[in-house]
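K.L.:
Can you keep this structure in mind? I'll have questions shortly.
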Amino acid sequence: MALLQTSLIWVVYAIAIAVLIAVASVFIYVYQTPRDRSPSVTLTCIFAITTLLATVLLLPVDVALVSSTNSSALGRRKDWATDHEVNKILFSLKVVYYLLYSLDALLCLLVIPFTYFWYEEYDEVAAEEGEQTTGNRFWAAFKYTITFIAIVIVLFLVGFFVPVAKDNHSGGLDYFKKLLTENRGERALTFALGLLITIGLCLYVLYTSTGLALLPVSLIKTAPSISAPNLKATTAMQLDSNRERQRQLEGRCGGNTELLSSKDRRELDMLVREERTLIRRQRLADEAQGEGRSWLMRAWLKTEAVFRPFKLLGGIILLIIALVIWVSMLLTAIDKATNSFCKYHCGYILGHITVFNPINWVFVQAAKVFPVDYVIFTLLVLLFFCSSVVGIAIVGIRFLWIRIFQIRKGHTSPQALLLTTAMLMLTILALNYSVSMVVAPQYATFGPQTFCDRTTGTFGEQADCSNARHLIKPCSEMIKNPAASGVCTPSIASTFLNRVTINFPFFGVIFFWGQFVFLGVYLIVVVASLFRSPKLDERQMDEDAEEAEEEGLLASTGRRLDTAWQDITGRSNRQRDS
């Protein structure tokens with residue numbers, strides 16, 4: 001029975017990974033520009049996003065496996081859950097976590113930078129002429145990646161030798177004493193994880209909070225579309241007015257623009273440019289309404305119009321969910337600030353939850369029927385992931401408030417896609433801490449595990465609460481009953497994260513106060529967005545229309561050149577045959 005249960009849990013995780021591959025593939029396909037696709041960039045981004053999401057979604061598997069050893073109805077371990085069996089489960093989880101975290105670090109710090117420089121070093125002309133070989137390109141990309149290799153080495157060396165916190169503020173609790181690691185290898189990995197979460201926290205605060213606030217509002221208050229009839233009518237009126245003014249100016253000079261004054265010539269040139277822009281807008285409006293397009297596209301546009309009210313309903317539901325998440329995070333943050341037994345000395349670890357958290361309660365109840373909690377957790381992670389993408393798309397990739405790259409559907413360059421992937425990886429690492437320690441701390445640590453708060457007379461014997469159900473209590477780190485340590489098994493994920501904050505308290509302080517900054521940024525953005533009406537970005541629309549026109553001209557020119565070349569080669573062949 002135990003083997004069947006654990007096998008089913010891992011099967012659900014495998015199905016989730018397959019779903020993640022599909023989600024990552026769709027994300028990359030939707031955002032990358034069609035005319036500048038690179039297989040190496042596409043595969044790297046898909047693999048990196050899948051790996052990191054798989055790391056986060058390992059948490060419900062972790063909770064389900066450790067909870068499977070405990071009978072929450074009786075508050076005791078199941079008969080098959082001997083120390084040997086429990087240690088086997090914990091060891092397998094540790095191996096998977098170490099593998100995924102190491103892979104995440106390598107992808108973010110080495111593979112993505114190398115792929116970036118590999119793409120940058122490509123010279124199409126030199127490659128066609130044979131001047132650039134694969135070896136030359138590899139060495140050029142590797143030379144730039146050496147800097148990142150040095151960063152990784154320095155990072156692990158610092159983590160290897162940096163002093164850890166001493167056992168002065170653990171309150172004498174065995175659970176927290178065990179987290180003070182003396183293994184230098186684990187210390188280096190713990191330090192590296194803490195540093196990456198700290199960097200990701202900055203991105204998480206800026207982008208995820210913004211996206212979480214704007215994603216529901218964008219569904220509720222949709223910006224005007226180019227396909228709207230009133231915008232099309234306005235464009236037609238502006239075009240008629242433009243052409244009428246051109247006729248007036250041309251009538252003054254009888255068709256000879258040299259007779260016009262310099263002011264009128266400048267105005268006429270401006271009107272001609274504006275006319276081209278308005279014609280492009282009109283063509284985009286016609287295409288958006290389905291004119292001149294296939295019946296399938298017209299059917300899709302009509303279906304989209306029919307389901308528009310459901311889009312509004314979905315936005316309202318997402319807004320309510322986001323507000324509940326915000327309230328849950330605020331309640332846990334206040335609980336940590338007031339009831340943490342060691343405060344800043346251990347990164348505000350909360351030994352026992354005293355304030356009700358609605359999201360945490362939902363997860364603990366759902367965890368009793370696996371995989372209900374897994375489905376809810378996956379949806380929660382995907383909500384945060386989509387919010388991060390929306391935040392990056394709206395804010396853009398910036399350096400000192402200067403936008404370097406813009407992330408847009410169908411217009412994202414390979415370089416921007418790689419940078420976005422690296423940012424998402426760091427953001428999701430910070431999300432892993434936030435979900436585990438703030439959004440649902442009880443669920444992420446012990447899940448639905450309980451213990452019988454009754455002393456036993458015999459060493460190794462489990463307490464029996466079958467006739468005293470009121471003594472069955474949820475597991476927590478601050479349990480004073482020594483018998484509970486043999487019943488309650490904390491998740492590996494919570495152990496890793498608590499080890500970071502226990503060994504390096506300054507990381508824990510940054511993580512904790514970063515949650516308040518996240519909550520503040522979310523509140524400011526959501527209030528501002530509710531009072532601000534969305535507008536159509538005409539400049540961006542004109543750039544898209546101009547780009548589409550250029551691509552159409554290039555395609556038609558290429559077809560004409562191909563036809564002319566075929567005609568020439570065909571005539572020469574006929575002359576040889578004759």
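Note: Cβ is positioned from N, Cα and C throughout, glycine not excepted.
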K.L.:
Which candidate in Asn168, Asn432 appears in Swiss-Prot with the annotation N-linked glycosylation site?
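P.N.:
With Swiss-Prot as the source, N-linked glycosylation site is noted for Asn168.
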K.L.:
If you skip the near sequence neighbours and keep only those at least six away, which residues in the chain come within under 8 angstroms of Asn70 (N-linked glycosylation site), Cβ to Cβ?
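P.N.:
The answer is Arg76, Arg77, Lys78, Ala81, Pro448, Gln449, Thr450, Cys475, Val487, Cys488, Thr489.
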K.L.:
Applying the under-8 angstroms CB criterion, which one of 8-28, 95-115, 312-332, 506-526 scores highest with the transmembrane segment (188-208)?
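P.N.:
Most Cβ pairs under 8 Å with the transmembrane segment (188-208) come from 506-526.
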K.L.:
Under a three-state reading of DSSP, tell me whether Asn70 (N-linked glycosylation site) is helix, strand or coil.
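P.N.:
DSSP call for Asn70 (N-linked glycosylation site): strand.
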